[in-house]
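Trainee: Features from TrEMBL:
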DOMAIN    42-189  domain 'HhH-GPD'
BINDING   191, 198, 201, 207  [4Fe-4S] cluster binding site
Ligand code: SF4
């Protein structure tokens, strides 16, 4: 694990990220808060591409909790069976739809506690929805952010909660909203797991990773 970088170095890193991509976007397709919530819940242990493929048709017919209930669990399974753990995910999506209809008039709540109380919604899913839909500076730490944060020293931590804290404590406030997407995209396409593309990395000179690739 790299040592925590200082404030000015982190500011320079995020200034470069911002210059290269001023409005970074998530890669999960959705048309409203509900479809975003479902897409994020389906994406656990699956790729965004795989989820987008499955939801392209699904969201045309079930873009609200009530329409999801109308479709039914078996109907949902037909759409998502290419995604890992689809049986369990389908059960949770149906239970979630029922709660949203019964308790929230079919709307998606905008608090972390309420989101996390929904079946199949953990802290990471709640943070993604809070960040992408309501533009809260919430930090959802996934495998890409965890790897990048620990290699570079931007937000090192022994587990995802420690990395989340390191982001909140050390990333300048004006970069907090987009920090999540900049780091995911950097981890997904440049600071990749097996052989990071350090020679093409725009923060190579600032990164603490000792085993940079040539
Ligand atoms: S220099 Fe290499 S290890 Fe450091 S952030 Fe860039 S790609 Fe990752």
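Every residue, even glycine, has its Cβ placed from backbone N, Cα and C.
What TrEMBL says about a protein is an automatic prediction, not a curated fact.
Tell me about the setting of these features in this model.
Mentor: The Cβ of residue 198 ([4Fe-4S] cluster binding site) lies under 8 Å from the Cβ of 204, 207, 209, 212, 213, 214, each of these being in the same chain and 6 or more residues away along the sequence.
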Trainee: Hey, for the [4Fe-4S] cluster site built from 191, 198, 201, 207, who else sits with CB inside 8 A of the CB center?
Mentor: 151, 152, 190, 196, 197, 203, 204, 209, 212
Trainee: At 10 angstroms around each C-beta, which of the binding-site residues 191, 201, 207 has the fewest other C-beta atoms nearby?
Mentor: 201
Trainee: Could you give the number of helix, strand and coil residues in the domain 'HhH-GPD' (42-189) as assigned by DSSP?
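Mentor: The composition, in the requested order, is 102 helix, 0 strand, 46 coil.
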Trainee: Can you tell me the mean pLDDT for the domain 'HhH-GPD' (42-189)?
Mentor: 96
